[in-house]
Amino acid sequence: MKVTLSALDTSESCFTPLVVIELAQDVKEETKEWLKNRIITKKKDGGAQLLFRPLLNKYEKETVENQNLYLVGASNIRLLLGAEAVGLVKECTDNTMRAFTYGTRHNFKGFDDNNDDFLTMAECQFIIKHELENLRARDEKMIPGYPQAKLYPGKSLLRRLLTSGIVIQVFPLHDNEALKKLEDNWYTRLSLKYQPIDNIRGYFGETIALYFGFLEYFTFALIPMAVIGLPYYLFVWEDYDKYVIFASFNLIWSTVILEVWKRGCANMTYRWGTLVMKRQFEEPRPGFHGVLGINSVTGREEPLYPSYKRQLRIYLVSLPFVCLCLYFSLYVMMIYFDMEAWALGLHEDSGSEWTSLLLYVPSIIYAIVIEIMNRLYRYAAEFLTSWENHRLESAYQNHLILKVLVFNFLNCFASLFYIAFVLKDMKLLRQSLATLLIMSQILNQIVESILPYWLQRKHHVRVKKKVQALKADIDATLYEQVVLEKEMGTYLQPPSPC
């Protein structure tokens, strides 16, 4: 019997939560009811046809401070139909990779009607995220209860709710049991073995798995360079021909490891189904807005936006802004060289040990400034790329990567090229290269590892105290998990090819 979306029930009160929606504290009841109806309404009526319930019922809310947290999930059949809608590619029983369809589900490896593990955790959360982000306005002129939050046909509801401050955030919820298994298999036991990349991909998604896969590959690829480069570091040779040989080997090595990684990356993405995922009819990205109409290529109803307006935004606003940022980066670089000249002059005048240490201060300050500028520019680049209103997620990512890559390259390496080819100061080049590299690693470890861990531990203590004060009839475990995780940075990203 063929199963359709119209036949699915969205009234289940008990389901496995996959995604959490956090609303602002003062959101009006009519807005909550409208949002709930749009999420659970059938697809043919403009809804997402998902499962939805509040984290706390009305009696539990009287026990704790009002937490506007709502859980979103879906039945197994709804997830399978969603997998077909987003074009997920899975392995068939004949070892080929094909786009999943519900009608031919029994032809795919690992599928069983009584087994809910066919789709990975990341795929399930991606399907929920995709459905929520593609909720679009139809006849509504505004968000109920908020006349200032205007809507028009085709506008992304979730995007308008976020920009209006009605929805604080939407984030995926961890599966503690699956996460514990991944931890035990990954890093809790110290042993020399490869990372479980496939398990990482199953839980966190392809993007995160490729990141850790590349880190593992690059770490091993650095071993021959470290062995060959060690004598050059320990011994200072006057014969610069030896350095030319090392530089030549470096060029060959960098080319070889890149090509080998491309092959390994293609192997992984083919096995995961993202390399052959159909993209000719890619869905418009959630942030894309325009007048609702019929796409002449796909024949589907979606927002339409003239391409010439996008080009005007790119060339008249984004391009000048990027050039201005590049100029500012070069200006900061020249200030750094002035500081180097000041420190060197001070050392030559006094010659003390303190002034010898002072020689490293300009490079340290410059390294910190570079990291700050990179992060600030990243926020600006994301805002500009979103404002350009690209229809496809792939186009959005391409334009964002181009902006970030150009600025980061100039910001991080312009000073090294200037020292090497203009100043021709090998001593300053070694000092600057070592300082920038070491400081960059230290700052990244602090910002990406130490600081988040410390903040999370601090927040965990506060949540523990709050949970201990709850009544016994509240599901304190789930409440604690949701409140704790809403302070985390989200990791959920759509599957993407290498």
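Placement of Cβ uses the backbone N, Cα and C atoms for every residue, glycine included.
As annotated by TrEMBL, domain 'Anoctamin transmembrane' applies to 200-491.
Taken from TrEMBL, the feature transmembrane segment applies to 208-237 (among others). Note on the transmembrane segment (208-237): residues 194-195, 197-198, 200-201, 243, 246, 249-250, 253, 257, 260-261, 264-265, 268-269, 272, 491, 493, 498 of its chain, located 6 or more positions outside it, place their CB under 8 angstroms from a CB of the stretch.
Here TrEMBL flags 243-261 (among others) as transmembrane segment.
TrEMBL lists 314-337 (among others) with the feature transmembrane segment.
Cβ atoms under 8 Å from those of the transmembrane segment (357-377) belong to residues 325, 329, 332-333, 336, 339-340, 342-344, 346-347, 404, 407-408, 411-412, 415, 431-432, 435-436, 439-440, 443-444, 447 of the same chain, restricted to positions at least 6 beyond its ends. Annotation source TrEMBL lists transmembrane segment at 357-377 (among others).
Annotation comment: TrEMBL describes 400-421 (among others) as transmembrane segment. Residues 318, 322, 325-326, 329-330, 333, 336-337, 366, 370, 373-374, 377-378, 381-382, 384-385, 428-429, 432-433, 436, 440 of the same chain lie 6 or more positions beyond the ends of the transmembrane segment (400-421) yet place their CB under 8 Å from a CB of it.
The transmembrane segment feature in TrEMBL is assigned to 433-455 (among others). Long-range Cβ contacts of the transmembrane segment (433-455) within its own chain (Cβ-Cβ under 8 Å, at least 6 residues beyond either end) map to 360, 363-364, 366-368, 370-371, 412, 415-416, 487, 489.
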